[in-house]
Amino acid sequence: MASAGTGKMTVNPDIAKERRNAGFHVENLTNFIYHGPERVRRRRYMQNIALQDPVMKDSKPWAFRTREEEYELSLRKQLHVLQRQKDLGITDEFDKFYYNEATAPNENNPVGLHFGMFIPTIEKHGTEEQKKKFVQPAKDLKIIGTYVQTELGHGTFIRGLETTATFDPKTQEFIVDTPTLSATKYWPGNLGKTVNYCILMAQLYSQGKCQGPHMFLCPLRDLTTHQSLPGVELGDIGPKFGFNANDNGYLRLNNFRIPRINMLMRYSKVLEDGTYVKPANSKLSYGSMVMIRASIVGAVSRALAQACVISVRYSAVRRQTEVSPGGPEAQILDYQTQQYKLFPLVATAYAYHFAGQAVQSNFLNISKEIEAGNLQQMPVLHALSAGLKAFSSWGASAGIEVCRMSCGGHGYSLASGLPKIYTNITPACTYEGENSVMMLQTARYLFECAMMVQKGQRLPDLVSYLSMDLSAKSCMTSDVALGCLVKAYQHRAARLTNAATAVVQRHINEGQKPTDAFNMASTQLTWAARAHCHQYVVKVFVTTVTEANIDDRTKAALTTLCKMYAVNGIMENLGEFLQDQFFNTDQVDILTRKMMTLLADVRPDAVALVDAFDYHDKVLDSCLGRYDGNVYYALYEYAKSSPLNEKDVLDSFHKYIKPLREGQATSSLPSRL
Ligand SMILES: CCCCCCCC/C=C\CCCCCCCCCCCC(=O)SCCNC(=O)CCNC(=O)[C@H](O)C(C)(C)COP(=O)(O)OP(=O)(O)OC[C@H]1O[C@@H](n2cnc3c(N)ncnc32)[C@H](O)[C@@H]1OP(=O)(O)O
Ligand SMILES: Cc1cc2nc3c(=O)[nH]c(=O)nc-3n(C[C@H](O)[C@H](O)[C@H](O)COP(=O)(O)OP(=O)(O)OC[C@H]3O[C@@H](n4cnc5c(N)ncnc54)[C@H](O)[C@@H]3O)c2cc1C
């Protein structure tokens, strides 16, 4: 490695050796991950445009920016990128996504919700007239909006929202109002300073009757001066754990009037005389949340993948402790305990990646049916997207923290890039539906399915395994077949669903109200929901690997990872699997031995498996995760750029330390020590 300051850099020999020794061709796996060489080429091309752009070059590292600098820089970059994409005629959604990924990685930007929620919600829930009026101006950024639902007093319980929208037939307007302190909107992204419009979730009142939460297009700021409109009070909620380029905001409305046309009326309507027309299903207005929940699975997989790239590469170049006296220090990646920390997480990143693609495709297919008026599959989609969002965001958050700690002290520095990834993604456990609450939604669906099984009714494909014969003998033998692993997960989920359902039924039989009975069984119900999501992820991984049209060596590497994901999940939830009695303790011994063999199998491919995610150094933004492995050089340069080092002796020395010494010298301390 070149010494710091020479500027000449060679690749760290340890990481170079890892790449030489990999058992498969990295590019083949990259092509598989991103749907073929053409997409990979396009992804790199898009990211290069972003990374070569002088406007994207940061004058100082992310870690040293103030919140105001972060917000401004992020806004400037994002608006520049939108203009560039327009100039270059980039319209394909994948192209735009990849371009954006390299623009401000793991930094939530000030117009994300405009494109991510505001425009899609108008497109999905607006009438043709509303789309005509609002979509193009929104695309041209004449209006910039966000999704405003959560209040100080209510986030989870949407039916409990207090903001009102009361129809006034005389003026053909809705009067939107914040009646209490707890009704203050609080948290919506980009609300504080950036947007001039929002989609407002408010309780609709017409003809004196409350019709529940509905969506309204609400102007907030003057489109020219950007001043907040009379009757509108709003601002930023202050710094947070992360998400600091995002001006999450608060909003209070004081009997503010908006035209009738501003209620999103594709599914429900208020006619001119105030007559309310119901939608086919009141939960249609929750559609934007379902859309984001489905896309969160992919987002958390990318965050976990990046954390794995950083920690595995670092573990390949970090040497610590002589294995035999006087011998060389070992690469920490050779310690089995380090492998056990990291390799299952690499497998998890792949598992979530494939699950994210699968749930996205379920979402797109079912959405088409919903658009065509067939709402039959809404509950399945809701249960799947809610549960998987929770399962994957919990798994990824916990996993990224393990990655950070696996890097020892350097993982704690912002230089590692890991805290940035973590603080940007961990709120996914909360936003778009708090995770426990989402799991309970999935559990509610599983409970209904269990009741259907009891009545001998047929279940939808995604949950058909719930009617399996639970007394079936285990198929687990020393070859640990993929099909048998799927059966084990289904057995566990089906048993936990039945067990939780039985608890609810017992409480009801003992005289409890159904809602109380559900609450008394809710912890067990969430275990069932978690197990259901886990079986879905395992099943998707197994199907993906089995059906993969790739060369044998890449397929073998992926199959090893797939087994590792499934076997590790069993080891981590052994109590549940043993209580299942699908395995006996001899079979657990087989799985334990298998886990250790799998660690050794993954070891030579570890760096290649994370390289295959194909993250550019600038996207990782990490001194530890550099492709060339020159981490000490990067850490040294990072330290030197700390603003505290701009002066050798700080003013604070003269202000505080020096007078203290002088005071001490003249009082009790001897003048010479
Ligand atoms: C800068 C950001 C960039 C954004 C870009 C996005 C681009 C996408 C690309 C990548 C994405 C990844 C990253 C995204 C980054 C996102 C940034 C942050 C965005 C955050 C936005 C928000 O947080 S918005 C606010 C979200 N709030 C919630 O989610 C609230 C949660 N609560 C609920 O959903 C509901 O209240 C509830 C489900 C808990 C209960 O509802 P309710 O009380 O009305 O129902 P009931 O209990 O009465 O149930 C009745 C019945 O209906 C069923 N049901 C409930 N919901 C649904 C649904 N959605 N669909 C279908 N059915 C539903 C329920 O299960 C019941 O069924 P039964 O059969 O009667 O049991
Ligand atoms: C970074 C970030 C960005 C956000 N962006 C937006 C946005 O753009 N727009 C927007 O409208 N909102 C946004 N939010 C708000 C977010 O959607 C809510 O915080 C979220 O829905 C959770 O609601 P809550 O905060 O009311 O949590 P609470 O519901 O108060 O949850 C607190 C605890 O109570 C438990 N709990 C609550 N209800 C139940 C129940 N029924 N059963 C069992 N346990 C329960 C939860 O499990 C949790 O442990 C954002 C939040 C964050 C952190």
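Any Cβ shown, glycine's included, is placed from N, Cα and C.
What you see is a predicted model, and the numbers here were worked out from it, not measured in a lab.
Annotation comment: TrEMBL describes Glu432 as active site, proton acceptor. For Glu432 (active site, proton acceptor), applying a Cβ distance below 8 Å and a minimum sequence separation of six or more within one chain yields Met289, Ile292, Arg293, Ile296, Lys389.
The FAD binding site annotation in TrEMBL covers Thr150, Gly189. Listed in sequence order, Asn108, Gly112, Leu113, Thr146, Tyr147, Phe243, Asn246, Asp247, Asn248 are the same-chain residues six or more apart from Gly189 (FAD binding site) with CB atoms under 8 A from its CB.
Sequence annotations record features per position, and here TrEMBL assigns domain 'Acyl-coenzyme A oxidase N-terminal' to 26-144.
Under the heading domain 'Acyl-CoA oxidase C-alpha1', TrEMBL lists 286-446.
The annotation domain 'Acyl-CoA oxidase C-terminal' is assigned in TrEMBL to 484-660.
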Do you know the DSSP helix, strand and coil residue counts for the domain 'Acyl-coenzyme A oxidase N-terminal' (26-144)?
86 helix, 0 strand, 33 coil
